[in-house]
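J.: Below is one structure. I have some questions about it.
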Amino acid sequence: MSEFLRIAMAQFDFPVGAVAQNAERIIALIEQARDEHGADVVMFPELALSGYPPEDLLLRPGFLAHCQVAIERIAAATHGIVAVVGWPQSAGSVVYNVASVLCDGQVEQTYRKRELPNYAVFDERRYFEVDPNGSRCVFKVKGVPVGVLICEDLWFSEPLADTVCGGAELVLVPNASPYERGKHAQRDALLAERARETGAAIAYLNVVGGQDALVFDGASVVVDGHGRVHPAAAAFSDQWLVVDYMRSERRFVPLQWVAESEVSINALVWRAVVRGVQDYCRKNGFSKVWVGLSGGIDSALVLAIAVDALGADQVTAVRLPSRYTAELSNDLAAEQCHSLGVRLETVAIEPVFEGLLAALGPLFAGMAPDATEENLQSRSRGVILMALANKFGGLLLTTGNKSEYAVGYATIYGDMCGGYAPLKDIYKSQVFELAQWRNTVSDVLAIPPGVIHRPPSAELRAQQTDQDSLPPYEVLDGILSLYVDQEQSREDIIAAGYAAGVVDYVLNLVKINEWKRHQAAPGPKVSQRAFGRERRYPISNAYRG
């Protein structure tokens, strides 16, 4: 019986729908794990073959058939090593989320996921079934009994306990667990608890990469049979993680493992957003992006994110001044572009704005200017930016933040124009925090201090500031965090110390702007409750509370 078992954990990105390419890569990685790392077992993330989440691709018989052919091809290419590969298995009229054990050219066993998450961003019960006969997978490698579970199974005590009862002392857990603030500490605590409950050693592998609004952070870990969690692998990093499992002590010895100890929340959020932009562009065929740069904090932060994601040479900033644009705004935009090495173009919106006013003048005769004229300026900018992206290629990044999306402080078909919204799940107060943090991690100031310290303004009328229409952001974001992220009631929010009139004003804005959010571009989820697939409120909604 061997003293140790070498495990190679493939913390890589496997794009959704790219079945043939993923299969080729999995085969190549299996060979690399065997030949270069000397691994006895190689494991891949949850649904690595199809990518996660495949969503309604799982309703297409042809897609499932393609996955079946691909897993057989991977199995046929697997020799001299055991591979654990996640994929969607069709069995008659039902589909299972499975991990198959491949060895010696064939599928040896297949484990079917037992706990299907159906909350927040997850809707696995829409697609998958649980095997009514139950599922347990335990196999031996070099005399070591190894079990398999999948992601959500570990959040319940019974699946791991059952696997250990089946003889497993080491359990491999492939995952597709998206990032959100505080997730790392939550995962580590859970893993330690499960290991202590059962005495099992756990190899927890998470996928990495951006998929539309989800960003998977990797941060894979191993936990010994005493509940000790080894420092997590670098978050948002594509890498091999190779460990030796020492059977006599039920512990792991890392051989190839780029670990991280303490990483700040701001650093993790930054990496998540950068990876979200990077992968959204790469997976949708965009090599460059456009950013409308106003001299304000939101667009400045988006520009810095874009540069970190794609490089300065793939980013073009555009100033779009109007009669209300302060000279300081133009200067700060130019300062940032010079500092980051970004090309800056300037297109004045006055001719477009004046043309719209002239065209609408006869219909608007006798009516006082209001938000309509302000929105015309924003929509003039949207038309110009979309035209540039259309003519020269590239993706327009929109610059709104979560506070603005929540209360509708954004112009539909104006500053909401764009294909991806990097700040969509980041409140305005967090925007300032991230900007200040980003300036501490490099010699070059990514965001001019003048941008950070000036009062926020849409500059759509003279002497305008955001606080003309909204409570101070620390108040607004506090209310929104309780209402949106924590689903607290009006009464609970007032009891937390916020004035009833302000609470009513903010909650009404959230309600009446649902229609705008339904038309907003996707953006990376970094909070426990992001707008989009995990907050599905009706647009036509009479409930208030």
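Glycine too: its Cβ is placed from the backbone N, Cα and C atoms.
Got these off Swiss-Prot a minute ago, pasting:
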type     : residues                                             : note
DOMAIN   : 5-247                                                : domain 'CN hydrolase'
ACT_SITE : E46                                                  : active site, proton acceptor
ACT_SITE : K113                                                 : active site, for glutaminase activity
BINDING  : Y119, S177, K183                                     : L-glutamine binding site
ACT_SITE : C151                                                 : active site, nucleophile
REGION   : 269-545                                              : region 'Ligase'
BINDING  : G292, L293, S294, G295, G296, I297, D298, S299, T399 : ATP binding site
BINDING  : N375, E404, K516                                     : deamido-NAD(+) binding site
J.: What other residues of this chain sit with their CB within 8 A of the center of the CB atoms of N375, E404, K516, the recorded deamido-NAD(+) site?
T.: S378, G400, G408, Y409, A410, T411, I412, G414, D415, M416, N513
J.: Cα within 10 Å of C151 (active site, nucleophile): which of the binding-site residues S177, S294, K516 qualify?
T.: S177
J.: How would DSSP class G292 (ATP binding site) in three states?
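T.: SS state of G292 (ATP binding site) = strand.
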J.: When the Cα-Cα distance from G296 (ATP binding site) is computed for each of the recorded positions E46, K113, S177, N375, K516, which gives the smallest value?
T.: N375
J.: Within the same chain, and leaving aside G292, L293, S294, G295, G296, I297, D298, S299, T399, name every residue whose CB is within 8 angstroms of the centroid of the CB atoms belonging to the recorded ATP site, in sequence order.
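T.: Sorted by sequence, the hits are V291, A300, V302, L303, A333.
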J.: What average pLDDT does the predicted model assign to the region 'Ligase' (269-545)?
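T.: Its mean pLDDT is 93.
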J.: Would you mind reading off the Cα separation of E404 (deamido-NAD(+) binding site) from K113 (active site, for glutaminase activity), to the nearest angstrom?
T.: 39
J.: Specify all same-chain residues, apart from the site residues Y119, S177, K183, whose Cβ lies within 8 angstroms of the center of the Cβ atoms of the L-glutamine site, ordered by sequence.
T.: P117, A120, V121, F122, P178, E180
J.: Looking at the binding-site residues Y119, S177, G292, S294, D298, whose Cα is closest in space to that of the residue listed as 'active site, proton acceptor'?
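T.: Going through Y119, S177, G292, S294, D298 one by one, the Cα closest to that of the residue listed as 'active site, proton acceptor' is S177.
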J.: Give me the long-range Cβ neighbours of G292 (ATP binding site): same chain, 6+ apart, Cβ under 8 Å, in sequence order.
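T.: Those within reach of G292 (ATP binding site), by Cβ under 8 Å and sequence separation of 6 or more, are S299, A317, V318, L320, R381, L385, L396, T399, D415.
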J.: Widest Cα span across the ATP binders G292, L293, S294, G295, G296, I297, D298, S299, T399, in Å?
T.: 12
